[in-house]
Amino acid sequence: MAPRKKMIVLVLLLLAAAACTIAAASKTKKAGKVCDKGWECKGSVYCCNQTISDFFQVYQFENLFSKRNTPIAHAVGFWDYQAFITASADYQPLGFGTTGGKQTQMQEVAAFLGHVGSKTSCKKHNRGYGVATGGPLAWGLCYNKELSPSQSYCDDTNFDYPCTPGVDYYGRGALPLYWNYNYGSIGDGIKADLLSHPEYLEQNATIAFQAAIYRWMTPMKKKQPSAHDVFVGKWKPTKNDTLAKRLPGFGATMNVLYGDVICGQGYIDSMNNIVSHYQYYLDLMGVGRDISGDNLDCAEQAAFNPSYKPSSTSSSA
């Protein structure tokens, strides 16, 4: 090859290498810095923020769920702080409790646990105890399963997740699951065979929290956002959403999780109870309910996915 041609080839190779370097640098800058915070959060830009255990510690968990181990509770000794933190470690790199600044992070933890506390509360057994026992909002994590199921919750028309013979799919867990296909799909998501062994959710608190956080972080139906996305502002409502009064905020998390079982029915007790738990937890975590945000309820929101039969994720309310 002639010297001139060699020089041209060399220049072209150098230019190509420079272009690759610039592209890689641009991609890295766009992706953001990736951080490791030990076992709790690693390999993600979200891990550059505080982890959940940095701002939410054992004593706060105990304050939120102060009556869960009293004799009246039905899951004494089951739920604990370490199970929650261990379960959250799978999702903190994805933004659970690690999105935004510290205030937003604390709000999301309070929002998620507000749902959990409301759905596992023994408050209906707390009549007559009054303020001396902490009041009706202090009884979250009292249950880990439905005590008197009205049915087996087996939908034998679902061929993706057929019922395991002899197994019942009544409510279990931190955000109670119902129906075989919900156990099956969420079991796939957390890599646990919940379809064959739904009892895992009442035997292992870490798995129970994992299933609940997965449900919080994952869109459970087509054309529907996750509860996480509508809460932290990642979801942008369409014109139809706006007309249906579906806007980002805590209210939309209820719409995602429960649909028209809770939402679009005015200020019903079941909806108000979830909101009250969220605000109560904000107070106990030192954030204060004053920053609970806009669009706090879903009283007038149309459901993302209207339910036409009691066999959907939303019917686990």
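Cβ atoms are placed via backbone N, Cα and C, with glycine included.
Given the structure is predicted, the values throughout are model-derived calculations rather than measurements.
Taken straight from TrEMBL:
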DISULFID  Cys154-Cys163  disulfide bond
DISULFID  Cys263-Cys298  disulfide bond
DOMAIN    60-298  domain 'Glycoside hydrolase family 19 catalytic'
SIGNAL    1-23  signal peptide
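Each residue contributes its Cα atom, and for Cys154 (disulfide bond) and Cys263 (disulfide bond) those atoms are 25 Å apart. Taking the Cβ of Cys263 (disulfide bond) as centre and 10 Å as the limit, one finds 28 other Cβ atoms among all the protein chains shown. It is Cys298 that, of the disulfide-bonded residues Cys154, Cys298, has its Cβ surrounded by the most other Cβ atoms within 10 Å. Using a 10 Å Cβ-Cβ cutoff, Cys163 (disulfide bond) registers 21 neighbours. With respect to their backbone Cα atoms, Cys163 (disulfide bond) and Cys263 (disulfide bond) stand 30 Å from each other.
Along the domain 'Glycoside hydrolase family 19 catalytic' (60-298), the predicted structure has mean pLDDT 93.
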